[in-house]
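Taken verbatim from Swiss-Prot:
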- Asn21, Gly22, Asn23, Lys24, Lys37, Gln72, Lys88, Asp89, Phe90, Asp179: ATP binding site (BINDING)
- Asn160, Asp179: Mg(2+) binding site (BINDING)
- 296-325: region 'Disordered' (REGION)
Amino acid sequence: MPTIDFTFCEINPKKGFGGANGNKISLFYNNELYMVKFPPKPSTHKEMSYTNGCFSEYVACHIVNSLGLKVQETLLGTYKNKIVVACKDFTTHQYELVDFLSLKNTMIELEKSGKDTNLNDVLYAIDNQHFIEPKVLKCFFWDMFVADTLLGNFDRHNGNWGFLRASNSKEYQIAPIFDCGSCLYPQADDVVCQKVLSNIDELNARIYNFPQSILKDDNDKKINYYDFLTQTNNKDCLDALLRIYPRIDMNKIHSIIDNTPFMSEIHKEFLHTMLDERKSKIIDVAHTRAIELSLQHKQAHSNPYDNADDLDNSNEYTPTPKRRR
């Protein structure tokens, strides 16, 4: 695969970007505008550095695309002597990005601000917003959650997903999924990759214990992906799992990894292994349970005298948010 050198591309000095992990510049490549993300500068706390953030962004977005979800386009290349990821700017054609945080801030009846990631409050905001038909937005949210579960995304906060607002009509559409640099264990360098591959306890810890979702329960505790997806009765979540599961093509996913330039062989082996493990130990287990619950639901409704419990329309995380006092 030919590699791309962005060094001599025309820079757009009039656009800047937020975010904490690494520098970003705007430039033109093939007459299209891209945001180019650089790897973060070395940290004194190596275990907290995002060593492979550019690889994570590139590979994760291509995997999300393979699932049939709308996602930003990414290219991997170099800028001077650094490996960078270029993310195609989807706001260039008269669209403005409005993040979910901004929307949630308008829910003045909620006790906490738009930044807070309590799942109940997020679902409440989805149900009560007027940007997008709530059922459509809810489907998108749970599809993204299932994808983030497979990819181990620990930072899908309210500021890195949202909407595109047309500047002329003020109409809204759901923005492509973006900012996937916190997927696929970006803090794992080659030494950590080798350590995990040679120790089943280290591997399982990264499946069952962490990374966790940044979404929180009502006890302000981060949601564990395995526990949530294998225990929830949230019909919208289970429907998303049943919808996304048939699209997970591990051969395609492994091909994406194999064809990623610049990546070390041990890093590729690590990603192959971790994605196989996350699928078999989380997604497959949750999917089997989702099928069983779906069958129970159908059987219960086929018999008018059967009082079997129905699947919740929202689950234990029913939108009953804490109100402002």
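Any Cβ shown, glycine's included, is placed from N, Cα and C.
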Sorted by position, what residues of the same chain at least six away from Lys88 (ATP binding site) have a C-beta under 8 A from it? Glu32, Leu33, Tyr34, Gln72, Glu73, Thr74, Leu75
Looking only at C-alpha atoms, tell me how far Asn160 (Mg(2+) binding site) is from Lys37 (ATP binding site), rounded to the nearest Å. 15
Chain-internal residues near Asn23 (ATP binding site), provided their CB is under 8 angstroms and they sit 6+ positions away: Lys37, Phe38
Students should find that the Cβ of Phe90 (ATP binding site) has, within 10 Å, a number of other Cβ atoms equal to 18
Just the number: how many Å between the Cα atoms of Asp179 (Mg(2+) binding site) and Phe90 (ATP binding site)? 12
Lys37 (ATP binding site) has its Cβ surrounded, within 10 angstroms, by a count of other Cβ atoms equal to 25
So if I draw a 10 Å sphere around the Cβ of Asp179 (Mg(2+) binding site), how many other Cβ atoms end up inside it? 22
DSSP secondary structure for Phe90 (ATP binding site), reduced to helix/strand/coil, please. coil
One finds that other Cβ atoms within 10 Å of the Cβ of Asn160 (Mg(2+) binding site) number exactly 21
